[in-house]
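Enquirer: Please read through the structure below; I'll follow up with questions.
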Amino acid sequence: MTTATTHGARDHARAQDGTEVEAMPRVPAPDGAVWAETVAGGNYTHKVLARGTELRFTDVAGDACAHVLLYVADRPFERLNVADTVKVLWNAYPGAGHLLLSDQGRVLASVLAADAAVETVCGTSTSARNAARYGDGSPHGASPAGRELFTLAAAKNGLTPRDLPPSVSFFKGVRVDPDDGRLTFEGSSRPGASVTLRAEMPLIVLVANTAHPVDPRPDYTCTPLEVLARPGTPTRPDDPLWNSSPEARRAFLNTADHLTARGVA
Amino acid sequence: MLSDVVVPARAPWSAVIPAGRSLTITDLGGNQAVDCLVYDAHDTAVRYSAPDTIQAQGGIYLSTGSVLMSNEHTPLMTVVADDCGRHDTLGGACSKESNTLRYGHHTWSQHACVDNFLAEGARHGLGKRDLVSNINWFMNVPVEADGTLGIVDGRSAPGLSVTLRAETDVLVLVSNCPQINNPCNGFDPTPVRMTVR
């Protein structure tokens, strides 16, 4: 097929329609989903989700690492606060039932299910660190850094590097020694492991699928990440999670108070 | 000596510290949490990163030899002397909002570190987006084997200090924590001394 003419180039481009590869978004998302995508290792994605949406991340082959940032969709200066997320709920190793809190004392998302690590301590990687460890940290190189990928995802939502606080990550465990605070990397859970969040506010979700920053392996290792979101219902007062702790109850109450005042819930 | 001031209990403080100079924070009354953020003085988008600091040293506690790393994984300051032995990287700052979750809505009218950061940061063109997980000097936040984490009784005492050397020109933003609901200040905020040499 010639591409020497506009007609030929057009035909060549159009002939790519319908090509399927492993890492790509499915548009439209099948079976009533609102987001269905496989994110390549070393790549990123982002989406704006309605309140109540159930968002599942799956480690397809056992070496994905989903670095995640959350913002309130229409006022992104309210965003994930990792310190409050661990401090308010008294636990550095969140699992099912934990809440991801904003800096305004509200619930951005609840963890519906998790058979994999939710890591809160180490954040993501930087260009400088990946360059030192793997020889490159640029977003289009062989070992992209999480912060570089977040910068791109953020920009596409009108946000800048000043809007990138510490992130959480899924699928790679890190433990803190109770005596001296030193870190131990625990690696992946297993292929097929998943973490499911429920959006308790309308959210901007930024995702970078990139090697965990303290993964000790000398080679940059990151395999595809599956993202699947379905419409759902936000946590209500009759859900056991609402009253699972005094802190959780007040966080849900603050969220409801805010949304009620705005006339949106 | 460039400056030497006593920061009252509950008050904020800030200074630009040139590369090579040092800041000594002295816990005058003992057991006083000092919430601290550090920015590249010439580009405040480059700022202290708790995760990068933890990555770089392979542990969560700060003491002598710890390098405070930026979000671009560059060194901002180094702990060159420390009488206390352990400082917190995980707990972040108290806020009016988080206080409602941690203790109840009756705390809403109390002072909080985030307000200090916002008020003092505004003098340098910084706003809410510029606040990230901060250091808590002298605050004790252990993580137990099952992940249970919390602020417990401090390990500091009157007169203990920590000294930081600036590795580049930095803006240091401090809230001398007003918290009265947990042990971080022994339930009684006290003054601290900031000495820049």
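Positions of Cβ are set from backbone N, Cα and C atoms, glycine also.
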Enquirer: Checking feature assignment: region 'Disordered' per TrEMBL, candidates A:1-25, A:176-200, A:226-250. Which range matches?
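Expert: The range carrying the region 'Disordered' annotation in TrEMBL is A:1-25.
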Enquirer: Just give the helix, strand and coil counts over the compositional bias 'Basic and acidic residues' (A:8-17), going by DSSP.
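Expert: Going through the compositional bias 'Basic and acidic residues' (A:8-17) residue by residue, I get 7 helix, 0 strand, 3 coil.
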Enquirer: How does the model score the domain 'DUF1989' (A:37-204) in terms of mean pLDDT?
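Expert: A mean pLDDT of 98 is what the predicted model shows over the domain 'DUF1989' (A:37-204).
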